[in-house]
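Undergrad: Following this message is one structure expressed as structure tokens.
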Ligand SMILES: *Cc1c(COP(=O)(O)O)cnc(C)c1O
């Protein structure tokens, strides 16, 4: 008898291993602001805070609520990376010693009211043209700065080092930093930046996805295991169509396993035939369209495959990148879209 469920097993030792690999790329005085926005990219904000507090120097979040949650258990620096927008929120920053990013002139009036009590990171727009103060506006922010302030920017093409926009952004960032009279700290790099441009690490780096093993650099491993069990096995003759739309036809007599997991669990609906799945440590692949609660995989070549066997959709042994590359998806999106109904297990907190 089985009581099947889709499961997400999060092993924080894997996350800490990834952080060690990140550290190996950095000068020893560079600090790590571990980015744990979006529920730690699906790795549970609260557990991640407990598990990673000794491994990183600070926390990068987006929402004030996330920052306050972390503050309940950690005394490390916390940065709201997209700023806050009301005096209530600024009061909360002050009461809880939370840092905030200023990225726009429109934030100046409120920020000035709190400048004696708060620590700001000034985000400068060096070419991504999303958030950030203009290079010609920077002088208006000088009154917010002291020698613990940080000048930051964000790279648009950190994952494509050959793109010329990177050099433009580095040049603009240098120009901005040289304009400022005080000797403030600097922060430029996200995960891909740490691996592609380690000489731009400066004082703080802001890795997110690399901690969770969602980018392809040597040694990093997917920290989460997304898995479920086989609940049925079909033995089909040649030329049988399979699943919704009957999109595939068996090319030979085939054994098809039906796995208790679908797009409502967080597996991508658009996964194409051939997307890898691990069954009993053997490589199998998706055959037929992914449905809400089920996927079908070809287990013809897998010995002793039976109902109740576990299938890994991604894990330290089957990188999430195999799925995202095959299906032109983002590991960020898959990790942050894991469904609530998936049963969680947390290891090595
Ligand atoms: C999300 C975010 C990061 C982390 O990016 P990764 O690609 O996950 O490393 C860093 N900096 C800022 C400003 C962000 O918003």
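Backbone N, Cα and C atoms are what each Cβ position is placed from, and that goes for glycine too.
Annotations in TrEMBL come from automatic prediction, not curation.
Checked TrEMBL, it gives:
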- 37: active site, proton acceptor (ACT_SITE)
- 37: N6-(pyridoxal phosphate)lysine (MOD_RES)
- 130, 292: substrate binding site (BINDING)
- 223-347: domain 'Alanine racemase C-terminal' (DOMAIN)
- 244: active site, proton acceptor (ACT_SITE)
Undergrad: What does the structure give for the C-alpha distance between residue 244 (active site, proton acceptor) and residue 292 (substrate binding site)? Integer Å is fine.
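TA: Here the two Cα atoms lie 11 Å apart.
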Undergrad: Looking only at the domain 'Alanine racemase C-terminal' (223-347), how are its residues distributed among DSSP helix, strand and coil?
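TA: For that range the per-state counts are 20 helix, 46 strand, 59 coil.
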Undergrad: If you count the other Cβ atoms within 10 Å of each Cβ, which of the recorded positions 37, 130 comes out on top?
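TA: It comes out as 37.
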Undergrad: I want to check the contact list for residue 292 (substrate binding site): same chain, sequence separation of six or more, C-beta distance under 8 angstroms. What comes out?
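TA: Listed in sequence order, they are 262, 263, 264.
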Undergrad: Just to verify a number: CA distance, residue 37 (active site, proton acceptor) to residue 130 (substrate binding site), in angstrom, no decimals.
TA: 18
Undergrad: I'm checking region-level scores; what's the whole-number mean pLDDT for the domain 'Alanine racemase C-terminal' (223-347)?
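TA: Across the domain 'Alanine racemase C-terminal' (223-347), the average pLDDT comes out at 97.
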